[in-house]
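One structure is given below, encoded as structure tokens.
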Amino acid sequence: MIFHSTKNKNLTASLEEAVFRSLPSDNGLYMPEKIPQIDSSFLDTIEDRSFKEIAVEVAFTLLSDDVSREDITSIIDKAYDFEAPVVQITPGDYVLELFHGPSMAFKDFGARFMAALMSHFLSRSEQEIKILVATSGDTGGAVAQGFYKVPGISVTILYPSGKVSEIQEKQLTTLGHNVRAIEVDGTFDDCQSLVKEAFLDKELSSKFNLASANSINIARLIPQSFYFFSAYAQLKKLNKPIVFSVPSGNFGNLSAGLLAFRMGLPVHRFIAATNLNNAVPRYLESGSFEPRPSIETISNAMDVGNPSNFIRMTRLLNDDLNLINEKIVGYFYNDSQTKKAMREVYGNTSYVLCPHTAVAYRALEEYRQHEETDFTGVFLSTAHPAKFIDLVEDTLGRKVDVPERLNELLSIEKVSIKMDTSFSSFKNLLLS
Ligand SMILES: *Cc1c(COP(=O)(O)O)cnc(C)c1O
């Protein structure tokens, strides 16, 4: 597959180049030049396939020019030792649980595939790669777990001291080996600027092969389409149009859903569900995209004022506002509405939602009031509620179960390197 920049169709890259460069030199985003169609006979029997079989077929459809079927199968095997089950909540509503991976957030789907794909490319060369990533919470854990002990790759994660949850911090700081965590005495934006500056630094880029594992890397987007196909497989027997409600921040997840749709997956509609960082729902309402500085909310992984995948989302629908409005509807909620949704679902069904998932649930309920055709509603659960234990327990007024895996993590000592926000400190650390 050939990729080109969203800013310039003539600036192209192979899969391998797009994955290791992450961004084209003109600061656009990589997009597939053509979107291949999934084999319709595959869709006819998709309900009989496992998650991994579906992932292999979708990945092979997209990447067959670059990676053999055998290698794709082994990449998928390595990446996914966890599933994406669909669970019924109420008669028409289902939750797609995306938190069964090692960091218990959906970002595992992207990070694990990216790590396996990079290591496949590296196995053919002698290169050593240094991954740099700034995190505000969930990305770091998924990337750390994804690249842990991958030969030829070392990972440096920068996170803002005191601004991630205890569990999130432990996920970054307890692995060791090829993963190191830098605790920056500053904000997420400081961490991000340090990473950006490192990529621009001549000395660093001549000494090392630096790569980024942020969410705009195409190798994180592609695998997120797998679970839309898998959800369809699990719900196909109901024989109704499917509506996906996607809790969104940077809009990678929703863009991956659109990629699946463009490949031929039957999807009736997508719901763009956000917190008060609502640039996309406002765009869908007014037709004009006006990013704003981000606002802090309880669904903090979605606190994005200027979603970086917005351009991919509109491109995937040919930048055609009519088509965009036909395929996507947007809703947004404040924190008290989100908490109310968490209490409502818990009260009615005993199912515990994380705050991000609650936003998607609430949006699906609102959509249901306006939709006349009978449909199957699926809201995506992007994180396990125990990752936000204090908030969830406060909101529901009771203790919730913490999976053994997370409990064990809390008893392990954290190891981090403390650093100020100056670039010279960061550069010295990388050179030492
Ligand atoms: C990253 C994240 C999101 C937002 O996903 P995007 O692809 O950036 O829209 C939602 N929920 C959780 C828990 C996340 O970690």
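Quick reminder: no glycine exception, Cβ is built from N, Cα and C everywhere.
TrEMBL annotations:
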- 3-80: domain 'Threonine synthase N-terminal' (DOMAIN)
- 97-372: domain 'Tryptophan synthase beta chain-like PALP' (DOMAIN)
- Lys107: N6-(pyridoxal phosphate)lysine (MOD_RES)
Take the Cβ of the residue listed as 'N6-(pyridoxal phosphate)lysine' and count every other Cβ within 10 Å, whichever protein chain it belongs to.
30
Helix, strand or coil at Lys107 (N6-(pyridoxal phosphate)lysine), per DSSP?
helix
Let's see if you can do this one: DSSP helix, strand and coil counts over the domain 'Threonine synthase N-terminal' (3-80), in that order.
39 helix, 12 strand, 27 coil
